[in-house]
Amino acid sequence: MMFTYNLCVLAMILSLWTGVSRGQCPEKCYCDGHRVRCRGQQLSTIPLSLSNATILDLSMSMLESLPEDAFKGWPNLTGLDLSSNRLRNISRATFRGLAKLRWLYLTSNTLEYIDDGAFEGMSDLEQLNLHDNRLRNISRETFIGLAKLRILHVSSNALESIDDGVFEGMPDLKELFLGYNILGFISRAAFSGLTQLNTLSLSGCHLDSIDAGVFEEMTNITRLYLRNNRIRNISRPAFRDLTHLKEIYLSNNLLICDCQLRWLIETVQDSQSKLKVYGAVCSEPAHLKGRNIVNVIQSDLNCTQENNIKECVPAPCKNGATCTNLQNAYSCTCSPGWQGFNCDLDINECAPAQCKNGATCTNLQNAYACTCLPGWQGNNCDQDASISQAPTSQSAPSSNTESLKFVYIGIVLGIIVAVLINAAVIVIITKKIRRMHNTPSYPMDMPLCVPSQIHAVRECETLADRGLMESDNDRMTNSVRL
C-alpha cells in the first residue's frame with residue numbers, strides 16, 4: 001500500500017516538473033504534457049509564457065501582428081504553428097529567443113513582407129512552411145541563419161522573381177516547394193548551392209521552357225514537379241545533370257512532340273530506364289494531340305536533318321558566345337568573362353576578394369573596379385595614400401613628376417645663387433670696414449702740409465677737414481657699391 005502511494009506521489013512530482021499542469025494552461029487552450037494547443041480559439045494575443053512547453057499551436061486564431069520578442073517566455077519551444085491567422089509581416093525580432101525551434105508553420109496568412117534576418121538565431125530549424133501567403137520576393141537575407149533547414153515551402157505566393165543565390169545558405173535543404181507563383185523564368189544561379197536537394201516543385205509557375213544549366217548543381221534530385229505550366233519543349237541539355245532523376249510530373253503543359261522531345265520519348269519507352277514520366281501529353285502536332293508520349297511512335301516525330309539544324313536557330317548562346325549544333329542538342333563556347341551552359345552568367349571577378357582594405361568591388365564584364373576607402377589608393381586599394389610611391393623600373397614617371405623635379409632643381413639653384421651674392425656683399429663690406437680702421441690717427445688740428453710744400457696760394461687743409469671729406473666720400477662710394 002505504501003509502495004503504491006509513493007509511486008503516485010512520484011508521478012505527480014514528475015508531471016509537475018517535466019510537463020505543463022492544467023493549472024498553468026492558458027485560458028481557452030488545451031495542455032497535454034509539453035504541448036499547448038490553442039487551435040481555433042480566436043486568440044488575438046500570445047498567451048502567457050510557459051517555459052516548459054515545447055509545442056505551441058496558435059493556428060486558426062485572429063493574430064494580426066506579432067510584437068518584438070513575442071515568444072520570449074517560451075524558450076524551450078521546438079515547434080510553433082501560426083497557420084491560418086492574419087499576419088501581414090514578420091519583423092526581425094519577432095522570433096528572437098527561439099534557438100531550439102525545429103519547425104515553424106506560417107501557412108495561410110497574408111504575409112507580404114519578411115524582414116531580412118527574421119529567422120536568424122533559429123540555428124536548429126529544419127522545416128519552414130510559408131505556403132499560401134502574398135510574398136512577392138525573397139532574397140538571400142530572408143533566410144539567413146537557416147543552415148540546418150531541410151524542408152522549405154514557399155508555394156502559392158505571389159513571387160515574381162527569385163534572387164540569385166537565395167538558397168546558398170541552406171546546404172542541407174532536401175525539399176523545396178516553389179509551385180504556383182508567377183515566376184515565368186528561373187535563372188540557373190537561383191538554385192546555386194542546392195547540391196543535396198532531392199525534391200523540387202515548380203508546378204504552376206508560368207514557365208514556358210526550362211533553360212539548359214538550371215539544374216546543373218542539383219544532381220541528387222529524384223522528384224521534379226513541372227505540372228500546370230506552359231512548357232513546349234524540353235531539351236536534353238536542360239536535364240543532362242539530373243542523373244538520379246526517378247520521377248518527373250508534366251501534366252497540363254503544351255508539349256510539342258517533335259524531334260527535340262525524342263530523347264525523352266525514348267527514355268520513357270525504354271524498359272530498362274528508371275525514369276518515370278507522368279502526364280506528358282502532346283499538344284502538337286495535330287496528329288499527335290492528346291497522345292501520351294508513352295504511346296508515341298518515333299516515326300511520327302519526323303526527325304529529319306532539317307530538324308537537327310534548328311538547335312542554334314533561337315540563338316540560345318548569349319553574350320557573343322559561339323553555338324555549335326549537335327544531334328538533338330547544342331553547345332556554347334563562351335566569350336571571356338561569361339560562363340554557364342548558355343553563357344548567360346557573368347563571371348564574378350570580385351569573388352577572389354581583389355579589392356583590399358575594406359574597398360568596394362564592382363563586378364564588370366571581364367573586369368572589376370575598386371572604390372577605395374579614404375587613405376588608400378591603387379588599382380586594388382592596397383597602397384597607403386600617405387606614402388609617396390616611387391616609380392618602378394618598369395613604369396615611366398609621369399609628366400607631373402618630371403615637372404615637379406625641374407621646379408625643385410630651380411628652387412635649389414636660386415637659393416645657392418642668393419647665398420653666393422650675399423656672401424660676396426658681406427666680404428666687400430668687411431674689407432671696407434677694415435680699411436677704415438687701418439687709417440693713421442692725427443691730431444684733429446694738425447695741418448696736412450707745411451708751408452714749404454705749398455706751391456699755390458691756398459690755406460692748408462686741417463686733418464679734421466680731410467677726415468670729414470673722406471668720411472663723406474666713403475659713404476657715397478659704399479652706397480654706390482651696394
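Using N, Cα and C of the backbone, Cβ positions are placed for all residues, glycine too.
Remember, TrEMBL labels are computer predictions, not curated facts.
Feature annotations, courtesy of TrEMBL:
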- 1-23: signal peptide (SIGNAL)
- 308-344: domain 'EGF-like' (DOMAIN)
- Cys334-Cys343: disulfide bond (DISULFID)
- 346-382: domain 'EGF-like' (DOMAIN)
- Cys372-Cys381: disulfide bond (DISULFID)
- 406-429: transmembrane segment (TRANSMEM)
Cβ neighbours of Cys343 (disulfide bond) where a neighbour is any other Cβ within 10 Å:
22
Along the domain 'EGF-like' (346-382), what average pLDDT does this model show?
85
Work out the three-state DSSP category of Cys334 (disulfide bond).
coil
